[in-house]
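Sequence annotations record features per position, and here TrEMBL assigns UTP binding site to K128, Q191, G222, D239, K382. The annotation substrate binding site is assigned in TrEMBL to H223.
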Amino acid sequence: MKLLNVSGLNYLTGGAMTEFQEKLRQQHEESMHHELEELLTTATDPKEQEISKKDFDGFKKLFHRFLQVKGPSIDWAKISRPPEDSIQPYERIRAKGLPEDIAAALNRLVVVKLNGGLGTSMGCKGPKSLISVRNENTFLDLTVKQIEHLNKTYDTNVPLVLMNSFNTDEDTKKILQKYTHHRVQIHTFNQSRYPRINKESLLPIAKSMGADGEGEAWYPPGHGDIYARKEYIFVSNIDNLGATVDLFILQHLMSQPQDKRCEFIMEVTDKTRADVKGGTLIEYEERLRLLEIAQVPKAHVDEFKSVTKFKIFNTNNLWISLPAIKRVHDANALDLEIIVNPKTLDGGLNVIQLETAVGAAIKSFKNALGVNVPRSRFLPVKTTSDLLLVMSNLYSLDAGSLTMSKKREFPTTPHVKLGSSFTKVQEYLRRFENIPDMLELDHLTVSGDVTFGKNVSLKGTVIIIANHGDRIDIPAGAMLENKIVSGNLRILDH
């Protein structure tokens, strides 16, 4: 981390330089504390002021740690692959069978969904969890249906806890009324609201506590602060449609002897070329740790992305012991690595936001384990390309859970890449009269002004490119197998 850019100081001795840097750090910290106090005075509501004061206390600790860090927090030479027994294949876990009393096991579980993200990357306003993904069901609808199905099937009371951010809390709470008569208790709590800071001055860019017109000045600081609020919780991203409660993993957790009980399971899966930026599990100083790309020294980024050296990545499906969370939190032992996330705002201002990742806590828990799960447990919807896959006949929907259709002859998911004309959900929906048959598709690339008529079938590798100024209308009922379509094809209503 570059704290200062001072020329003409080369003559300083190492000790004097260290003293100078320490004074500069103190100066940055004092300036930050002063700015935060000033911001608090602009809060109009006493309750908001109280919440913000707690948030700022958390941010001050994070900022203090950020100023102490010199360069990458990871010494690359100390990294090694995790021992084989620290990452178990899912098949071995599954072979142990289901709990004798499934209801008793489920009644000791809480499901936590990370619900802090907005749908802005897909052109939607409001929480991402409220986007329709399948048969008019939103991410939240599917989650509620999954848990309700468990509660009805086994006569249990598995609650759903939504971890909202200041961006999603209000809209999410409004929509929760629709689930009043569903058999699932839903609770919410809020992530903190932290100030983005100017990359050069290291001071907040916000001028007041009000979010109006200053939405860019604040951010939710990742999901590492979930532990500071609450037998086991299952934590996952709400946009990962593969992250359902797995009874075999639950049984593995519950069946261990008390002294060998696993306090933290991270589900990992085999890395493909599409996942090169995902965090991975490593052994570091004799402990299992999560390594994120932001922690990797620049010279080793390509090595980190290599599928041969780092074969697995974190799905962010996590199973954690609640008593262990309390123990670690009370001992103040949750030393989560800081992720420095640089951003450029619309006006061109360079800012940084200091974040922590929930999976980084794995190093603080006893008998932590990675479980290498099938790819089907990692089905995130980040783009409209992902949305096309989950809306298609590749998947069947049952009790809120999506599973690969039995009619698909091979288990891999097709690679779909939709161009910029499809980025926003409304534009994407306008371009498909209905979703094509994709059961036999391997690869689809679409670029430019392209629309699809009804009942189109796509097989093998299909590439459709409309050059700038051209338009391609794929006619209703068309079957494209291993085809490249380019040029101009207009179909007008008669």
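Using N, Cα and C of the backbone, Cβ positions are placed for all residues, glycine too.
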_Among K128, K382, the binding-site residues in question, whose Cβ has the most other Cβ atoms within 10 Å in this structure?_
K128
*DSSP on D239 (UTP binding site), three-state: which is it?*
coil
*Under 8 Å Cβ-Cβ from D239 (UTP binding site), six or more apart in the same chain: what's there?*
G117, K128, S129, F139, P380, V381, K382
*Using all protein chains in view, find how many other C-beta atoms are within 10 Å of the C-beta of Q191 (UTP binding site).*
25
